[in-house]
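Colleague: Residues or ranges marked as ATP 1 binding site in Swiss-Prot: R129, R169, G175, G176, R208, I210, E215, G241, I242, H243, Q284, E298. Sequence annotations record features per position, and here Swiss-Prot assigns Mn(2+) 2 binding site to E298, N300 based on sequence analysis. Residues annotated as Mn(2+) 4 binding site in Swiss-Prot: E832, N834. Annotated domain 'ATP-grasp 1' per Swiss-Prot: 133-327, in sequence order. The feature domain 'ATP-grasp 2' is assigned by Swiss-Prot to 671-861, with sequence analysis given as support. Taken from Swiss-Prot, the feature domain 'MGS-like' applies to 930-1058. What Swiss-Prot lists as region 'Allosteric domain' is 930-1058, and the listing cites sequence analysis.
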Amino acid sequence: MPKRTDIQKIMVIGSGPIIIGQAAEFDYAGTQACFSLKEEGYEVVLVNSNPATIMTDKEIADKVYIEPITLEFVTRILRKEGPDALLPTLGGQTGLNMAMELSKNGILDELGVELLGTKLSAIDQAEDRDLFKQLMEELEQPIPESEIVNTVEEAVAFAATIGYPVIVRPAFTLGGTGGGMCANEKELREITENGLKLSPVTQCLIERSIAGFKEIEYEVMRDSADNALVVCNMENFDPVGIHTGDSIVFAPAQTMSDYENQMLRDASLSIIRALKIEGGCNVQLALDPNSFKYYVIEVNPRVSRSSALASKATGYPIAKLAAKIAVGLTLDEVINPVTGSTYAMFEPALDYVVAKIPRFPFDKFEKGERRLGTQMKATGEVMAIGRNIEESLLKACRSLEIGVHHNEIPELAAVSDDALIEKVVKAQDDRLFYVSEAIRRGYTPEEIAELTKIDIFYLDKLLHIFEIEQELGAHPQDLEVLKTAKLNGFSDRKIAELWGTTDDKVRQLRLENKIVPVYKMVDTCAAEFDSETPYFYSTYGWENESIRSDKESVLVLGSGPIRIGQGVEFDYATVHSVKAIQAAGYEAIIMNSNPETVSTDFSVSDKLYFEPLTFEDVMNVIDLEQPKGVIVQFGGQTAINLAEPLAKAGVTILGTQVADLDRAEDRDLFEQALKELDIPQPPGQTATNEEEAALAARKIGFPVLVRPSYVLGGRAMEIVENEEDLRSYMRTAVKASPDHPVLVDSYIVGQECEVDAISDGKNVLIPGIMEHIERAGVHSGDSMAVYPPQTLSQKVQETIADYTKRLAIGLHCLGMMNIQFVIKDEKVYVIEVNPRASRTVPFLSKVTNIPMAQVATKLILGQSLSELGYQNGLYPESTRVHIKAPVFSFTKLAKVDSLLGPEMKSTGEVMGSDATLEKALYKAFEASYLHLPTFGNVVFTIADDAKEEALNLARRFQNIGYGILATEGTAAFFASHGLQAQPVGKIGDDDKDIPSFVRKGRIQAIINTVGTKRTADEDGEQIRRSAIEHGVPLFTALDTANAMLKVLESRSFVTEAI
C-alpha cells in the first residue's frame, strides 16, 4: 500500500553515547532512516544525546535536539514539537527502552503519538523473557528449557532440576550485560545477584546451556502486507556460548546443508510474522551440529549491530527500507537503491565471502578479564570481503590494527603446549591466533574441533593457510606459489617474511609480473542484474569491475575499527571531508574497513573501497585510481601512520606535509620548533632505557608524566611520583613502541584546555577554546569539556590564541590541528600538538556552527579562509554553555579499574547545552547516566594530598542535606576540622565496609581519590568496582564532584535557622 498521509511529523530517537554493545551502527541506521523519511516528504524531529555522530548534524533532520534521552527531556520535546508518530526501532536498546518508558508512563496516549515500525506488544514479546517463551511454545519453535526468576533462591532451585551448566540472561539489558555462564552454584549465585540488579525489571532467565551448538543468525525484513524475506544469514566461527558481538562471523553461512538452511529460514520468517514486526529484525538460532535439532536463542525486534553488518555485507540497505516500511510502504513498491532496477522484495545473493572480526579494548586494559562469554566486550569490528574464506579472514586480520598482518602473533611461538591448549579451550579475544598456532604445531583439525566445538570446515581453512606458508617457505621467488598465496589473501609483508626479503621487493616482483588485484562490485544480486553501486572489494582474479573515471579524484582514508581513543568522531570528520571534496568538483573516494559506520555507506562517496588500511592495500587502490592526492588528517592515528610510507612511495599527501607531521610528533624536533617559536612547554626529556629515564626524572624533579611517543588515546601513559615506580614503568610499558623513545615530562597540576584550529598556511581560524573540568592528569578524552571557557582570564585566552597561530604557521599546518594546553598561575604551557582532526571536532562543529572538517578540506584543496568568509583568529563565542561529557563501559569489562588518569578509558560521549553552566552540567550528567538524587548519603575515601579540598566539598554536600560517610583516615581528618562524618569500615569488615553499604542501597555517591602509590590501591579498586556494578555514581576526580555539586546546589533549597 502507498505511504501514509495521515501523519506529517515523525520523531526519531537515537541511541545515545557509544558504549560496548551499542556503537556506530546506530549512527549509520539513524542517518539512513532520517534521510529515508525526508525523501518521502515527512517532517523529521531527531533526539539524540551524542554529538559525535553524523545523525545529530543539522541537515539530517528538520529539527535536531542534542538532549539527554531520559523520560524528563524526551517528554518535554514531545510536548513542544507535538509529532504524529514516534520511530524508536533505530535507536538500539536505548530507543526501545525509551519508547517502553514513554508508553508505560502514559505520555504517548496523552499526546496522541503513534508508535511506528514495531508495536510495543511485539517489543515486549521479544524482550520480555516470559512472553517470548510463551510465543515460541505457541509457534512450536524449540527453545532451551528455562525459568524466569526474580530472586537468587529461585535460580538455584531451578538449576538443581535441569543440572549445570546454565546461562543467566537478565531481561531488558544491552549486549548481555549482567549475564553469563555458570558451571556451579557458587557462580550462579554471584551472576544472578548481579543480573537482577542490572535488569530494570529485576528479572532474569535461567536456561539450560547449549554451548557448543553452531550459532546462526538470520537478518529478516517484513512489511505491513506480510511480505517477508531473508536479507542475509550469518554463521559464527565461535559456537554458542560467546556473544555474537564478540564472535568472528562469516556471511553467508558456510557449513549448513540446504535442508538446515531452509529449516532455520522458515523458523525465522514464522517468528517475524507472528511478532507482526514491520521493519528489520534479527533472529539468533542454535543448531546441533550432529542432528537436525535447533533452538531459537533470541530475537531483536529492531535494527541491530548484525543488521549493519548484513547491510554492508550484502549492499541491501536495511535501515533505509525499515524506515520506508514504518510509514506504510511495502517491499514490492520500493526500488532497491543498489541495482536501481529491481524491487526491495528480492533476496540478496552473494558471490563472495564476508568475514567480520571484533576489535577488543584489551590493548588499553592490560588487567581486563579477557575470557569471552555471553556478555559483550568488543568496542568495534572490522569486515573484509574476499572470494574465499582464507582471503576474507586474512584481510580482516590485517584490518584489526593490533600489530598483526596475518592470522599469527609471533610471540605465541614461545608459549608452552599446555598454556596454548588452555587458551584454545577457554576462549579469549585472541583465540583465533592461538588456534592458528596450534595448527602450526601439528594439532589436527579433528583434535581442535573436539576441544573447541569450532566446525572442522573452518579449521581446515586454517590448515590450508599453514600449508601455503610452508609452500612459500620452500619456494622463494616462485611466481606460481606467489599467485596461490595472493588468491588466499596473504599480504606482501607475510610473503616477504617467509622469503627473507622486504615487502617492497615482493611488491616489485608482483608488479613486474602483473600479479595485481582486481576490484569487484558489491551489487546484492551476484551480478545477475546491472547495478550502479560504486562499492568495491579487492581480490586476485580476472575481470576488474572498478573503472577509473575521467574526473580528477581525491582519496580519503577512514579510521578503521572503533576502539577506545579512536571512535566515531573520526568517521564524522571523514564523511564531512567527502562532502567538501564533492562540493569542490572532485570525485571523492573512501577507503575504510569498518562495517558499522556512515563512511562505509556506499551512498556517501563517489566510490567506496572496503579494504584494510595498510600500505599494500592503499597502494593497490592508488595504482588503479591515480588520485590527485590522499587526505590523511581525518582518519585518526590509523591514517596519519600511513602518511610516511605513502609519501616515500611518491604519493601526494594533501594537507600538512609529512616532514611537518614529524615535527609535531617527534619529541626532539617538536622541542626545537617550540624554542624557535618562543612557546613554553613543561620541562621534559627523552629516554631510550631505564637508566636514562631515572636520570631525566631526577633532573626534572618528580612527579613526572611518562609516555611513549606516537600513540593515540594516551596508551601506556602514567604519572609517577618516585624512582621505584618509574623503574617498574620502564620495565613493563616501554615495549609499547620499541623503536620510539619514552618521553619524561614535568607534571604540572593546572587547568587544562584544548583548541582545534584550522589553517590555510597564512591565516588561522580558532573556532573555540574548550576548558576541561578535570585538572591536568586526566586524559582529555575522559575529561568533561566546557565551551565557551568559564574560568580563563581574557589574558590567558589571548595567549592561547597567539600560541595557536604561531604553532599553526610555524609547523606549516594546512587543514586541521589540535593543541592541548595547561595553565598554572596565569602562565600557559603547550602539552601536545596533534597535526590532524581530533575527537573534539564534531562537538566543536556543532556548538560553533562551523563545519570544521569541510572548511579544513576546502583549504587543503587550495581555497583560503578569507575566500570562505572566515576571519583570522578566535571565532566569536556562543552565548549558551555547552558541555561534552565522557561515557564509560566499565559494567561490561570485569577487572578493569575505573580510576581516571592519563590513559583514556571512555568509549563514547554526550553533550549538554543550556543557558547556564549548572543547567548544562545537569543535562550532561543526566545524558551520561550519572543521576544524583537531591538527598542521600555520599561516602568520601580520599588520599592525603586531597583531604583539604575534599573537606570543602563535604561541607557543601552537608549544606544541601546529604549525609556524609567516610573511611577511617578521612573521617578523622574531617572531625578534626569540625565536620562529623559517619565512619565506614575497612574492606572485608563484613557488614560495615563500603561495598556492603552499596549493596544495601545506602550510598548514593562515592568520591574516591588515589594518592601517589596508584599501584598498591587494591581496596580502592574493590570500592570502585562495587560502585560500577550497582550503578552508584562514582567520582575519582574532585573536579567532577565539584561540578556535580554545582548542579545539586542550583536545584536545592538551603534551610537555615535565623
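One-based numbering along the chain as shown.
Any Cβ shown, glycine's included, is placed from N, Cα and C.
On this model, are these features tucked inside or out on the surface, and what's nearby?
Modeller: For E215 (ATP 1 binding site), the Cβ neighbour count at a 10 Å cut-off comes to 24, with all displayed protein chains included.
Around the Cβ of N300 (Mn(2+) 2 binding site), a 10 Å sphere holds 23 further Cβ atoms from the protein chains shown.
Just so you know, the Cβ of E832 (Mn(2+) 4 binding site) picks up 17 other Cβ atoms within 10 Å once every protein chain is counted.
Predicted-model confidence for the domain 'ATP-grasp 1' (133-327) is 93, expressed as mean pLDDT.
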Colleague: Indicate whether E215 (ATP 1 binding site) is helix, strand or coil by DSSP.
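Modeller: The residue in question, E215 (ATP 1 binding site), is strand (DSSP, three-state).
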Colleague: Non-local Cβ contacts of R129 (ATP 1 binding site) (under 8 Å, 6 or more apart, same chain)?
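Modeller: Same-chain residues close to R129 (ATP 1 binding site) (Cβ under 8 Å, separated by 6 or more) are S146, I148, R169, A171, Q203, C204, L205.
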Colleague: What's the number of neighbouring CB atoms sitting within 10 A of the CB on Q284 (ATP 1 binding site)?
Modeller: 20
Colleague: Checking the contact step here: among the binding-site residues E298, N300, E832, N834, which have a Cα within 10 Å of the Cα of Q284 (ATP 1 binding site)?
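Modeller: E298, N300, listed in sequence order.
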Colleague: What does the DSSP secondary structure composition of the region 'Allosteric domain' (930-1058) look like, as residue counts for helix, strand and coil?
Modeller: 60 helix, 21 strand, 48 coil
Colleague: Relative to the Cβ position of E298 (Mn(2+) 2 binding site), how many further Cβ atoms are located within 10 Å?
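Modeller: Total other Cβ atoms inside 10 Å, all chains included: 17.
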Colleague: Roughly how many Å separate the Cα of N300 (Mn(2+) 2 binding site) from that of E215 (ATP 1 binding site), to the nearest whole number?
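Modeller: The separation of the Cα atoms works out to 15 Å.
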Colleague: Can you tell me how far the Cα of I242 (ATP 1 binding site) sits from the Cα of N834 (Mn(2+) 4 binding site), in Å?
Modeller: 38
Colleague: How many neighbouring Cβ atoms, not counting its own, are there within 10 Å of the Cβ of R208 (ATP 1 binding site)?
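Modeller: Excluding its own Cβ, the number within 10 Å is 19.
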